[in-house]
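S.K.: Found this in TrEMBL, in case it helps:
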BINDING   ASP8, GLU10  Zn(2+) 1 binding site
BINDING   ASP8, HIS60, HIS104, GLU135  Zn(2+) 2 binding site
ACT_SITE  HIS116  active site, nucleophile
Amino acid sequence: MKIYVSADIEGIWGVVSPRQIGGESEDYTRARKLMTQEVNLLCQYLLQNGASEIVINDSHGPMDNIIIEELNPEVSLISGYPKDLSMMEGIDESFDCVMLIGYHPKAGTEKGIFDHTYAGRVIRNLYIDEEELGEVGLNALVAGGFGVPVVLVSGDEKVTQDVKMEIGDIETVAVKKALSRYCAKNISFLKLEKLYSEAVKNALKDVKKYPIKKPSSSPVLKLELYQAVMAETVACIPGVKKVGPTSVEYIAEEMADVYKALRSIVTVAQNLI
């Protein structure tokens, strides 16, 4: 069984502070170790339950957070930036299922750990075909474009609620409960092990029972940005249309094109901050 894993950092067990998600601080170094540890824990249970190939895509920030020399030696790692498909680089129809690890709730979620959608200082809200989505739903659509189901998502309690709305009834692991944007009650490590063990076992029993979030034949990306100047400026990108004071729209031929447009929009808009 071939498994694809997209790993973010904000929803990793023990990660709660802005100092832990980037920069030069020792806190970020420690968070990288926590991320690698949790990915290894997942891979341990995947291998125990029949996985024959596991591909991990490092999906946070510069996308080189996972410490490869500490990663399970049976696992492949996609590391570095830029990537055409960003958080879903490497996905294709050859995979049996997708797992999203260390994820966070979408922008505007009350008491959600590190709530944001893809680019926290740029995107206020993201829609695909008028459905408001966070990174969970967005990436499930990308996987669905290749006919692959997302079967497990981990992160804080709020993102597991997003999962029910954006994907449906799949396996979830809530590693912490946010008390504010930068504070959470983390479960015990023993419970973390137990929850992952049970979730992986359930997921791999029959991956075909899980819903595939299929995109439309011509998906429409709409972004509500934080500043009007962002919408004005990114509208110069071919195919991107300004549809409101702070809103832009892009009509794609497939979900893979949505990510390429999204990356271009964010890259241009970030230079205006």
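One is the number of the first residue shown, and numbering goes on along the chain from there.
Even glycines carry a Cβ here, placed using N, Cα and C.
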S.K.: Using DSSP reduced to three states, classify HIS60 (Zn(2+) 2 binding site) as helix, strand or coil.
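M.R.: In the DSSP reduction, HIS60 (Zn(2+) 2 binding site) maps to coil.
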S.K.: Quick check: which same-chain residues outside ASP8, HIS60, HIS104, GLU135 lie with their CB within 8 A of the centre of the Zn(2+) 2 site CB atoms?
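M.R.: Close Cβ neighbours, site residues excluded: ILE9, GLU10, GLY11, SER59, MET87, GLY102, TYR103, PHE114, GLY155.
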S.K.: From the Cα of HIS60 (Zn(2+) 2 binding site) across to the Cα of ASP8 (Zn(2+) 1 binding site), what is the distance in angstrom?
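M.R.: Answer for this pair: 5 Å between alpha carbons.
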S.K.: Starting from each candidate's C-beta and looking 10 angstroms out, tell me which of the recorded positions HIS60, HIS104, HIS116 has the most other C-beta atoms.
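M.R.: Counting Cβ neighbours within 10 Å, the top one is HIS104.
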S.K.: I'm trying to understand the geometry here, so how far is the Cα atom of GLU135 (Zn(2+) 2 binding site) from the Cα atom of GLU10 (Zn(2+) 1 binding site), in Å to the nearest whole number?
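M.R.: With distance taken Cα to Cα, GLU10 (Zn(2+) 1 binding site) is 12 Å from GLU135 (Zn(2+) 2 binding site).
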S.K.: Tell me which of the binding-site residues GLU10, HIS60, HIS104 ends up closest to HIS116 (active site, nucleophile) in space, Cα to Cα.
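M.R.: For HIS116 (active site, nucleophile), the closest Cα among GLU10, HIS60, HIS104 is found at HIS104.
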